[in-house]
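Reviewing the structure listed below.
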Amino acid sequence: MNLFNDFEDLKLDVLKEVGNIGAGHAATALSRLLGKPIDMAVPKVQMLPFEQIPDKVGGAEQVVLAVFFRVEGEAPGNLFFIMTPLAAKKLLHRLAGLDVIQDDTFSEMEQSALAEIGNILAGSYLSSLADFTKLTMLPTVPALAMDMAGAILSYGLLQFGEMGDDALLIDTTFLEGHHEVEGQFFLIPDPHSFDKIFASLGVPLTNDR
Amino acid sequence: MIDEHNIVKVGMADLNVVQNSGIIRTTGLGSCVGVTLYDPALKIGGMAHVMLPSSDIAREGTLNIAKYADTAIPALLEQLQKLGANKERIVAKMAGGSQMFTFAGSGDSMRIGPRNVESCKQKLEQLGIPVLAEDTGGNYGRTIEMDCNTGILFVRSVQMGVKEL
């Protein structure tokens, strides 16, 4: 997939900014919900072999809680909001005042609340991106799963799977001061969305295309 | 427990073979399907971690044959035969192909798990390889490992624990 072989620095910077703006707005939304400041790490933009992508959240067998959105519109892609089960429990306790039972299961009520929180955050992530790029990007209804990271994330790699064995991932971590509530946003735009994002932001296309 | 160094790992969209006393494993199967082929007489086992149902949709330059059901299974069979396995004795098992997320009115790409399973079965049938056991479908992830001494396939999941196939 020579599309991404020489992703120039400029393009990577643009994608970092895309992650920055999206996750920045989502972090602000979360901070308002919690009434606490939320910090955000500098987004990482990397072209990674499929095998290494689950390593970003602790390995293929690590159990994570994920809210998944298929992004539809002019620049389609896959968006994941990922937390450890423990962080999710803490978030529920803080936010919804739910009396959480400290075990590995989530009740219907808890799952529904987490999907809704994910929905709010993804909505602000995508609407800020849509404003920035002037492209429509709409999330589907949220789908929630708690399972092995490999099993969950492979769902976001199918579109790249037809093109090669690597995928481009925009990864942003945010955390609350005491590291109690931590989460990650993974945006994996579909391969053909990149040209649209770059064109819309005025990044010159490489001459080999 | 089994010595770590005896474990052959199969990545996503990857395949490998092992002989005699080894263990062959792949982790975090979601919609992907893990297919194993085994010759019990020679204790030769192979495993493929299939990601997509058909290579017809491939738009990549050099095809990764381990990624697609229709190309991975014949390639795996060939590797077993190279080690001396007899096709008449080879049996298959499979696990995975779940639907991790469900949406109302979900499109075809969301049904990728069941499609992967169908495609693997079709290919195995074409090749005349019997499927001895399977643990497919559902909405959860699986890690599988085959003991090449016995041909037993262990399927582990977060919610269901360990199953033996």
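Quick reminder: no glycine exception, Cβ is built from N, Cα and C everywhere.
Because TrEMBL annotations are produced automatically, they should be read as predictions rather than curated entries.
As annotated by TrEMBL, domain 'CheC-like protein' applies to A:12-45, A:109-144.
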Model confidence over the domain 'CheC-like protein' (A:12-45), as mean pLDDT, sits at 83
So, by DSSP, how many helix, strand and coil residues make up the domain 'CheC-like protein' (A:109-144)? 25 helix, 5 strand, 6 coil
As a quick check of your reading of DSSP, tell me how many residues in the domain 'CheC-like protein' (A:12-45) are helical, how many are strand and how many are coil. 23 helix, 5 strand, 6 coil
